[in-house]
Amino acid sequence: MGGSRFTYFFCNIAVISSYPISRIFIKNEARTILDDAFTGFNREAQVLLLLCVILFTRLKRTSTWDEYFSMSFTFIHFAIIFLFFLIDFRYAAYYALISYIMWLSLTYPRYSGKSNIIKLKNEEEFIDFIAPISPTKSGKSKKNYSEMNSSFIIFGANWCDNCTFTYPLWAEFSNKYATKQMKFGEIDVQKNEKLAKDHKVNLSGLAGQLPTLILYQDGEECLRFPPLIVSTGTYAKVNQYKKKELIKYFDLDKRFAATNGI
């Protein structure tokens, strides 16, 4: 079960708000149990301070705001469960149960805003999408971006959280860099498993290679991310997709400048 972006945020914020509201009614009890004479700070303050530090450090380790918000909600829920546990195990159990039900029923909503990404349904559409401008020319033999068809393909899956979290980044790329000869496409590896495997896309969730980004020049693979590790002959596991590094890696600024207006 999914849900809208509003539903997801509203439910999480509402559940999190139950903690400060409940503290009004259990104020005296909490003050006694949470006090820590050794440090001079009560345990509640310690937990909240640690939570703030974690959220701050994770800010630069996430690829998009979607990923950051999802991760933040998870850490906040665990922190509140721990705080409730210090007060009364029953409160912690109730909150944990509600959080678990919400986790089962709500998934982070996929980006649905403006995008120039074309969804490719099958292999025929994929082949036609990446086909060269001139069948007689090879993508690897040309250096002038204005003379070739460049296709930025995102291989992803709906079940993969990383694909959901990073999709706004690919949409941003498509809105900024898409031209007639610099196109952006998407392949659902669940529906096109054979096509994905033919292009050496690892479909395992443990591999850390989804989404896989492949740039084709006139029908031939030019660049790929995660990149190939030459020493092992395998593709790297990626924990973060950095916007500036990917723009430079795929040379998107130069490709746009060369093909814009054609």
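Residue positions begin at 1 at the first shown residue.
From the backbone N, Cα and C atoms, a Cβ is placed for every residue, glycine too.
Annotated features in TrEMBL:
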- 6-26: transmembrane segment (TRANSMEM)
- 68-87: transmembrane segment (TRANSMEM)
- 93-111: transmembrane segment (TRANSMEM)
- 151-221: domain 'Thioredoxin' (DOMAIN)
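Each residue in the domain 'Thioredoxin' (151-221) gets a DSSP state, and the totals come to 23 helix, 21 strand, 27 coil. Panel annotation: around the transmembrane segment (93-111), residues 1-5, 7-8, 11-12, 15, 18-19, 66, 69-70, 77, 80-81, 84, 158, 161, 164-165, 167-168, 171 of the same chain, lying at least six beyond its termini, place a Cβ under 8 Å from a Cβ of the stretch.
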